[in-house]
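J.: One structure coming up, written as structure tokens, with questions to follow.
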């Protein structure tokens, strides 16, 4: 562990992990005079490049975590990969950890999440723990094909998810040799996400419900607010998310991914940190999700989640074959002086989330076309 | 000079100086993946606390500047204190310096500025170089009392300015032993400021004209756009600022402070960097002045200067007797979830600019009251 000599003036928030979420958290930390410290795996990590108080260490090491936490007013996370028992150990050592282990485990363990959501009456797909291919076959016989097998722990961005139509698909999923959960396939109209924040003193706020567009399990586009969503459905989605935050004792941000179906809303996934479905808030809401998370983990009053424009669209930048994005800034900025470009300072690799663009305005079709044009041009050089 | 091992991915912008302007420049640099490097006097400087690639050195040392500039794609400034000849030396060594010495000198030397503005037909107060108290007395006899004596170089925030009504006032100014300029006192209705950006390829944009409210020579409040300003007057102010930028060959930002008088606009001061009168743009414009400056110095297309709300008000936070602002965040954030707080990470000292707050919305009186309430409470603890 490196330990730079750094004398803080403001409150210190320690974020475990140093990816793009920590990087974007540094922007409101700068504004508020909050001292962000990150635990990076390497000095090349996205956030390590912009956070002076970067410590290099292992998020699976109890010693590294306890060392990192010394002097922090709050501890929080850039990812879900810190083992639950080490999160608990930090709190037991007297640190203010947000979310705490008892909440966070629901974002780490999909079986625990499903059990708890079912118990509190939140709509879920049919689900079961499955230990063997035979368990999965029985689940399929009961609920119909296809079924979805998911890694109980550790999946993200489409990894650790198998949509199974045949016994061969099921065998393939089990060949990974990890604990699996079976879920019924939800025939959804579209995917929605609700981002809420909850502070230790119990204040909660919800951002407007958004529509997320996924390709190959990766979020590619977010439309805020979700176009054409009925007001009562939107309120219901927000109530579900706030209820989960309250019942699970979440502190900080909670992103709830949902399916919109003919029969109502079904909860898909939870995340307890700033979330890709909330990147639009940097320009599109009065309080960005990153500022909101800082406020929440420090138990400060939460900020306004109001929209700054009628429509906001965010499109992810997924790395292509060309490592040099910067040469394309010229066209994108000249073509549209209002589009906002975000680049995470990561080496460009095919398929990697390397940035995003945001457009906002009064006309959804126009805003969406602007965001897409910028994203396609930046990543491929193609003029669409 | 420290030289951290730092491998840039994006273009590198070197900013000489590490005050709050450099600090706030880091926020859009993070978004755009631009690598900000700062030359700090000390690691405790405002920007040094949030910029990984901070070099400690002396901005009056040719060797330190040349060393600092190595590997930068563009060099720019957080302040006007780099000697003009050293700015020229950087350009002569092949660096891309914005603004260049021939432009910057007009923001460093008030006599050079007055000569040039007069030559290009920009409205100025009556002025003259004065070498002795007798010169000043003659100037006063011709133009009437009071007169304003100004340090030709180095004044800021009301320092280096003497409003003289008596020979004793004049003697007091000359006792400083520095070159002085005399200006007629301008009976103004209010003070305005225009912020424009100009890029090396000649693109120019102007932000809306703002009203600035000064106390004791320090800007305390900025109203964007300037309330009740006639459309033709606003256009005229923007034309003047863009003309100055063009004629002087400014690259980067140019702030033009003006007096609004019964007889029209009169130019007061120039600054060629992000400016206090533009802090409102962080939330109040589609492109913040800090992002705009980065775009301009890298010769990227400029961003939209459009307002994000009908009215935006910024109020400076000047340090009071109490060094702990953070305990007051709770009230301010609970009282107004939409107000934006900016703290520069500087030790609180009486009278020092330590941060600012911004409010925005549809009703000017409401927006102004919200910004003032937050600023007064944060700096004094008084509930107004």
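Including glycine, each Cβ sits where the backbone N, Cα and C put it.
Any TrEMBL annotation is an automated prediction that lacks curation.
Straight out of TrEMBL:
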BINDING   B:110, B:150, B:183, B:184, B:185, B:186, B:191, B:268, B:269  ATP binding site
DOMAIN    B:114-298  domain 'ATP-grasp'
J.: Going by a 10 angstroms cut-off between Cβ atoms, which of the binding-site residues B:183, B:191, B:269 has the sparsest surroundings?
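T.: Lowest Cβ count within 10 Å among the binding-site residues (B:183, B:191, B:269) is B:269.
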J.: Counting Cβ atoms within 10 Å across all protein chains shown, which of the binding-site residues B:110, B:185 comes out on top?
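T.: It comes out as B:110.
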J.: Under a three-state reading of DSSP, tell me whether residue B:185 (ATP binding site) is helix, strand or coil.
T.: coil
J.: Among B:110, B:150, B:183, B:184, B:185, B:186, B:191, B:268, B:269, listed as contacts of ATP, what is the widest Cα spread in Å, to the nearest whole number?
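T.: The widest Cα-Cα gap among those binding residues is 19 Å.
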